[in-house]
Amino acid sequence: MNFNNKTKYGKIQEFLRSNNEPDYRIKQITNAIFKQRISRFEDMKVLPKLLREDLINNFGETVLNIKLLAEQNSEQVTKVLFEVSKNERVETVNMKYKAGWESFCISSQCGCNFGCKFCATGDIGLKKNLTVDEITDQVLYFHLLGHQIDSISFMGMGEALANRQVFDALDSFTDPNLFALSPRRLSISTIGIIPSIKKITQEYPQVNLTFSLHSPYSEERSKLMPINDRYPIDEVMNILDEHIRLTSRKVYIAYIMLPGVNDSLEHANEVVSLLKSRYKSGKLYHVNLIRYNPTISAPEMYGEANEGQVEAFYKVLKSAGIHVTIRSQFGIDIDAACGQLYGNYQNSQ
């Protein structure tokens, strides 16, 4: 058993070895954290008292590297504000489905520098990339409280594929000695960072991938999402086709419905044309239509989603044989929905 030395688990392992502790000590510690849900070194009674004191002196009282600042609750949703290093803050969302499933939407960056016009997170710029421990601790926090970890999505603050630490986090989440999750329980959303998509294909082929499209027209997409100038739609779609070819895995397409901007039937038909021209006529693409969530912190304001227009858009895609769903929304009242994270906290600083 050897852990990545970028992680707290690897650092603890190195510390134990440097102090000539027996190899089984690291297993005792990871069992205490992940099987017994013990967060404080002092409470790991399986360890000798002197070792517990040494761990506290070197790593702090608790195994968590992030600090709880605030919590908000809504029906089926809990949003938590954490403090990370450099006194920065990130948000994490826990969603409980009525069937008993628990999903976690986690952040990969504090802020974001890609400047999508409809997103509150991007309006503050990039403050820092989260470390691997700051990423995984968002889930560990809930695990230690007794929550069931069924699925994790990198759809919180930041562009996940712009932070290399995300790949280390994937390793920790799937490590059988740590979180022990199947890669199919993990989802990454990206605005289209081509080099990192290639890495996912090659090294993490079973992880679910979502591409944020939001407009089928390249010029319009560049206005909404400046990243399109660097990685244009067609180039990203070619890479996604290759991902599907090599992995035989479905790719999800996220499409935020911006009233009067990208929700016309013309847009719907163009999405159909875009996907039908892809590998296997787009049969392994699945479109998630997302109602726009108003937030005063986004660079531009759009109105409430027009339900009739959302339904009409859906029917165009459905009738053309495109796999499509309208995503259920949770946590809008506490700014925990798509595109809302960190907005109100930023305004209050």
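For all residues, glycine too, the Cβ spot is worked out from N, Cα and C.
Secondary structure from DSSP puts E91 (active site, proton acceptor) in a beta strand. The feature active site, proton acceptor is assigned by Swiss-Prot to E91.
Annotation comment: Swiss-Prot describes C338 as active site, S-methylcysteine intermediate, evidence class similarity to another entry.
The annotation [4Fe-4S] cluster binding site is assigned in Swiss-Prot to C112, C116, C119. Counting only same-chain residues at least 6 apart in sequence, those with a Cβ under 8 Å from the Cβ of C112 ([4Fe-4S] cluster binding site) are C119, T121, G122, I124, G125, L126, M157, G158, E159. Under the three-state DSSP scheme, C112 ([4Fe-4S] cluster binding site) falls in the strand class.
Under the DSSP three-state reduction, S212 (S-adenosyl-L-methionine binding site) is assigned to strand. There are 24 other CB atoms within 10 A of the CB of S212 (S-adenosyl-L-methionine binding site), with all protein chains counted. The S-adenosyl-L-methionine binding site annotation in Swiss-Prot covers G158, E159, S189, S212, L213, H214, N293, and the record cites similarity to another entry as its basis.
Counting only residues at least six positions away in the same chain, the Cβ atoms of T92, V93, N94, M95, S153, M155, G156 sit under 8 Å from the Cβ of C105 (disulfide bond). Under the three-state DSSP scheme, C105 (disulfide bond) falls in the strand class. Per Swiss-Prot, disulfide bond is recorded for C105-C338, and the stated evidence type is similarity to another entry.
For 98-333, the entry in Swiss-Prot reads domain 'Radical SAM core', with the evidence type sequence analysis.
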Taking the Cβ of E91 (active site, proton acceptor) as centre, how many other Cβ atoms lie within 10 Å?
27
